[in-house]
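Data block below; observations after.
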């Protein structure tokens, strides 16, 4: 059996002229396919004498291995040529993806913008707080349910002071009343943490609280501010009601409801006149100064503003959901 000595060189020359993957696989079949010289020669080994069969088989194996390596090396170059041909540099580029503010950030800023027009100062506070500023200074009794482990995230600490993740931004108001001059008009936005999670509650959410401490402040002033804010926020005349409620840090206290389309009355925020115990604890003369406070969950307002039914969507990192909100 005569084995062509120039088979490798011939295949290499033909590979140089190949311009596509289709041509490559056609040429590969010619040299290594079922009808190729190599495969045909292997099938004829049985007709050779045993002494010649071993030597010819050895030469055929060497030839087959060399051809296989040649084609394996060449396929990368062929694929590169093919990809280059597919690239049309005249096509327009992919759109440049520009990020935008998160909807919760947008709603927070919308609220802040309204109150800064009324000359409210913005105070940020500690997310990790002591029991004193989060509860005791705000007139929470020791047996209040909010102070229990199942409602509050307490931190392990070697310190004698008990630390926790704040359950409201009211802690910022205590710091401000202790350190700032009066009268005080302030807003305290930030993240708060509670052991709660369902379609309308999260263990972490954004809260904005407001506080006014001044002479001759009344509940009527509080009502006027909140009604005007809600009508500005929703950009329409609102039907608002104030229901008596209870908060340890305000007296009297109220829940604010709005009549919202077919959904009827919806609770939107809490408010009240600052409790004298809180003012006294901050060294404020209650014979001269009074105050009112209010607090709202930003996610709750965002759900109503955008028509979202599940609060968890805001933090799902689902771009299809987040991209639907205008920049």
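The backbone N, Cα and C atoms fix where each Cβ goes, glycine too.
Quick look at what TrEMBL lists:
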type	residues	note
BINDING	251	Mg(2+) binding site
DOMAIN	129-326	domain 'Aminoacyl-transfer RNA synthetases class-II family profile'
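Within its own chain, the residue listed as 'Mg(2+) binding site' has 272, 273, 275, 276 as residues 6 or more apart in sequence whose C-beta sits under 8 angstroms from its own. Residue 251 (Mg(2+) binding site) falls within a strand when secondary structure is assigned with DSSP. Within the model, the domain 'Aminoacyl-transfer RNA synthetases class-II family profile' (129-326) carries an average pLDDT of 90.
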